[in-house]
Amino acid sequence: MLNVNFVNEESSTNQGLVVFIDEQLKLDSNLIGLDQQHHGLISKTIQNKLQFTGKYGQIKVIPSVIKSGEVRYLIIAGLGNEEKLTEAKIEELGGKILQHATGCKISTIGLKLTNRISRFTSQTFASLVASGAFLASYRFDKYRTTLKEAEKFAVESIEIFTDNSTETAKLFEIKKLIAEAVFFTRDISNEPSNIKTPQVYAERIVDRLEPLGVDVDVIGEREMKNLGMGALLGVGQGSQNESKLVVMEYKGGSKDAPTIALVGKGVIFDTGGISLKPSSDMHLMRYDMGGSAAVVGTIIAVAGQKLPINIVGVVGLVENMPSGNAQRPGDVVTTMSGQTAEVLNTDAEGRLVLADAVWYAQEKFKPKCVIDVATLTGAITIALGNTYAGCFSNNDELADKLIKVGEEVNEKLWRMPLHDEYDAMINSDIADMANIGNVPRAAGSCIAAHFIKRFIKDGVDWAHLDIAGVANSNKASALGPKGAVGYGVRLLEKFIKEYT
């Protein structure tokens with residue numbers, strides 16, 4: 001794991017030294033001495049716009065001209081226009097710095113802060129850069145037995161020179177705790193589905209959360225049957241692995257304080273069931289539990305900080321498998337709410353899991369607000385691509401707050417419509433509703449949201465986040481490698497912290 005340290009005095013023991021330059025290409029007063037020490041290497045570089053323009057995110061790694069000393073490389077990082085810098089951009093810049101240092105096999109890095117930024121304190125700037133670097137240090141390679149030497153290399157430490165190391169370290173400790181929650185979400189999402197069975201996943205939740213003071217209850221199929229959870233159980237009935245409902249309760253607030261419920265879809269592997277998916281990308285369905293992982297990660301972050309709020313998480317863990325005992329297209333299931341659903345397509349299974357999970361959360365905990373998170377529909381990816389998750393809500397204020405926070409942490413949300421005409425499209429001839437719409441390929445993500453909405457009680461504020469397009473990525477980003485992104489943890493943690 002990357003070591004991050006904050007020190008008041010500059011050290012010369014790091015192999016790489018990072019300096020920040022904005023698009024005005026002017027040396028900070030605190031860089032003049034360093035530039036002279038390195039025989040004008042920094043000033044010569046920024047005077048040549050073919051080499052360096054100062055635009056945001058540009059990283060220039062230059063071998064040091066000093067024969068003696070530990071510093072082998074100067075790393076010049078572009079800030080761009082200071083007025084356009086955001087916290088998210090500063091974090092991503094930290095990630096880019098770490099990635100370039102890794103590529104150049106620089107094992108220890110020192111960061112010299114700029115004094116040209118007025119919109120952020122030096123402590124905030126330093127903690128954000130460190131947070132981005134820490135997030136970018138994540139790896140999931142435990143099943144690789146033949147890593148090449150270049151693939152094994154990792155930056156060992158980052159040392160940031162700041163005038164208030166104690167205060168900066170406190171800020172970073174919170175960000176590190178949140179990043180470690182993101183790492184749990186990434187880890188469990190990346191885990192192969194033959195390893196993370198519902199039972200194993202549930203055990204990992206217990207092991208991670210109980211030491212943080214979170215009450216965790218793992219409900220098996222017998223109890224779910226007694227509760228009337230026919231929708232969730234129907235999805236998992238084709239699998240040899242027993243379905244689980246994991247209930248997490250963190251009581252940090254007063255007894256009369258309102259409760260927020262987070263509900264996550266945890267389809268451990270989704271073949272589509274009898275309505276079988278195409279085989280080409282089916283291996284990616286190990287990520288179909290990304291919503292549940294985001295819920296668990298959020299509770300790790302909240303409980304780890306001991307925030308004074310009451311929050312519950314409910315995740316339905318199932319496998320959607322074809323077998324002689326699998327659910328059939330045309331089956332009718334009775335949900336915990338008593339409403340019935342005709343299963344016209346067994347590959348529209350996530351909404352069935354959520355139907356019972358959100359109802360359970362409302363019945364048991366009487367929350368003021370329910371936010372469900374799910375890799376629910378391919379339709380949302382067609383609509384929004386891999387940049388935005390879809391946000392559906394019955395409350396404008398709730399939706400606006402989520403969208404605002406999403407912009408701030410760069411986990412973006414786009415408000416999607418709810419409408420009575422969409423709701424009418426899930427009416428069934430033989431049951432209370434069908435799990436797909438009656439117009440083929442029309443408004444798929446909206447239809448799915450309306451299915452869940454039928455299980456939200458009157459007076460409960462509700463938001464549904466369809467994260468199918470953003471939960472995993474086929475390419476690396478500034479904050480992590482390809483694979484599971486950990487989307488939703490930082491969004492929900494900040495939403496809960498700021499608005500409850």
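A Cβ is built for glycine as well, from the same backbone N, Cα and C atoms used for every other residue.
Checking the candidates D270, D420, D423, D429 against Swiss-Prot: the one annotated together with D347, E349 at the Mn(2+) 1 site is D270.
Mn(2+) 2 binds K265, D270, E349 as Swiss-Prot records it, and from the list D288, D331, D372, D396 the residue named for this site is D288. Least packed by the Cβ count within 10 Å, out of the active-site residues K277, R351, is K277. Under the DSSP three-state reduction, K277 (active site) is assigned to coil, being neither helix nor strand. Put simply, of the recorded positions K265, D270, K277, D288, the one whose Cα is nearest the Cα of R351 (active site) is K265.
What surrounds the Mn(2+) 2 site, by Cβ distance within 8 Å of the Cβ centroid and not counting K265, D270, D288, E349, is the set V235, G266, V267, M285, M289, V318, N320, G350, V353, A374, T375, L376 from the same chain. Reduced to three states, the DSSP call for K265 (Mn(2+) 2 binding site) is strand. In the three-state DSSP scheme, D270 (Mn(2+) 2 binding site) falls into the strand class. In sequence order, V235, V267, T271, G272, G273, S275, K277, D288, N320, T346, A348, G350 are the residues of the same chain, not among D270, D347, E349, whose CB sits within 8 A of the CB centroid for the Mn(2+) 1 site. The separation of D347 (Mn(2+) 1 binding site) from K265 (Mn(2+) 2 binding site), Cα to Cα, is 14 Å.
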